[in-house]
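Novice: In case it's useful when we look at the structure, here is the feature table from TrEMBL:
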| type | residues | note |
| --- | --- | --- |
| COILED | 440-474 | coiled coil |
| DOMAIN | 9-73 | domain 'DUF1899' |
| REGION | 415-435 | region 'Disordered' |
| REPEAT | 82-116 | repeat 'WD' |
| REPEAT | 132-174 | repeat 'WD' |
| REPEAT | 176-217 | repeat 'WD' |
Amino acid sequence: TCPPAMSRRVVRQSKFRHVFGQPVKADQMYEDIRVSKVTCDSSFCAVNPKFVAIIVESGGGGAFIVLPLAKTGRVDKNHPLVTGHTAPVLDIDWCPHNDNVIASASEDTTVMVWQIPDYVPVRNITEPVVTLEGHSKRVSIISWHPTARNVLLSAGCDNLVILWNVGTGEMLLALDDMHTDLIYNVGWNRNGSLLVTTCKDKKVRVIDPRKQQIIAEKTKPHDGTRPIRAIFVADGKIFTTGFSRMSERQLGLWDLNNFEEPIALQEMDTSNGVLLPFYDADSSIVYLCGKGDSSIRYFEITDEAPYVHYLNTYSSKEPQRGMGFMPKRGLDVSKCEIARFFKLHERKCEPIVMTVPRKSDLFQDDLYPDTPGPEPALEADEWLSGKDAEPILISLRDGYVPIKNRELKVVKKNILDSKPPPGPRRRHSTCDSEFSQPALEEVLEEIRALKETVQAQEKRISDLENKLGQFTNGTD
């Protein structure tokens, strides 16, 4: 029997206390990739259950490479790239509802959305499905809505946040008077009803995008001058990373109902890399990856003091240039894998697997609650009209099998559906007519979308003229 002293629990009980990280074997890495050298605090890598996408160096213009997950080893130097931007790509994000659709943001002020075929194309993909133009300066942040189909957010160095309907190519909302300086990051909450943003003006804002209102604001959650990051975690709380006045890296946990005082504020170290937080809602673990660090620290967020519990650190010798984070449905549940990172080095991408040690080979349902699947819960117009919906969940009991190249269900004016994925062009022996019917429809569709954009801009101009008129009348 245990001595009485041993029976008292001194250590906090958690099934995630022993999570450990391990890099894959050398032959399962992606080698010979010229990772972008652009100085930007984005993660440079996006992954889903089918593909890994990495922003790469490209002479003139901007490019990223898309590799099927299974295509490990040395990447052929002539492997096709996605090359449509005229200046460096700064951010990429896979659509959560279609594993063959990815968006890219660039220094050329545009956002482009691409359909990636399941096969490896013969030549570069140069034609986006749609180009979204509305920013006046470089666009450094993009993020898909978690539950509404085809809704994409972009944020640029013009301090503007724009929400787009990708299926029609139109601007849904522009949040233009909210940020007084450069936006550092933007994150959705779980059902996509709210945004959290961080900004160079040292404020964290919580925004209701459809009401175009700031509903909560915190000035200087961290006293230091270096960039802050913020994400939503469970129960609508906000997790931040930043720097103290003495340049120590900090993390903070905040409650919107009492934004003045942190629930938790912890100091970590004196490194100067911005900490990128990656959050897994199913386990309530947040992983912190600093650009230029060679480690990943991870913490469990709970309702018990001190609320943010340090679990462990995965350490390695090489610093990371960027990091991809696999959605839960892309993990190997038979190996008790609870997270997989794709760490970018200068010339390669190294997957790192986070595992909970378990003796049993059976499905561990306590580690894998139902998790968001690939079905959107809302259409773009439903969300815009004020509806909210939680993500549609799926079970991982039998593992997740990615769907074949998935055409989006046809929504009115959905460009993504009507355009076939780019592939090797077959030569037809008979000469095609000058202008095929689908091409004509596509041009008409674009003209319609442009008309709508012009009308929206005209309305905005006239509103601004009226405001200016009132202003000048009042001062004469």
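Cβ from N, Cα, C; glycine included.
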Novice: For the repeat 'WD' (82-116), jot down how many residues DSSP puts in helix, in strand and in coil.
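Specialist: Taking each residue of the repeat 'WD' (82-116) in turn, the totals are 0 helix, 22 strand, 13 coil.
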Novice: So if I exclude everything within five residues of the ends of the repeat 'WD' (82-116), which remaining residues of that chain have a CB under 8 angstroms from its CBs? That is, six or more out.
Specialist: 36, 38, 40, 42-51, 53, 55, 58, 61-66, 124-133, 135-144, 146, 149, 152, 154, 156, 164, 166, 327, 372, 374-376, 402-403, 405-406, 408, 416, 419, 421-422
Novice: Counting by DSSP, what is the helix, strand and coil composition of the repeat 'WD' (132-174)?
Specialist: 0 helix, 25 strand, 18 coil
Novice: Taking helix as H, G and I and strand as E and B in DSSP, count the residues of the domain 'DUF1899' (9-73) in helix, strand and coil.
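Specialist: For the domain 'DUF1899' (9-73), the helix, strand and coil counts are 3 helix, 24 strand, 38 coil.
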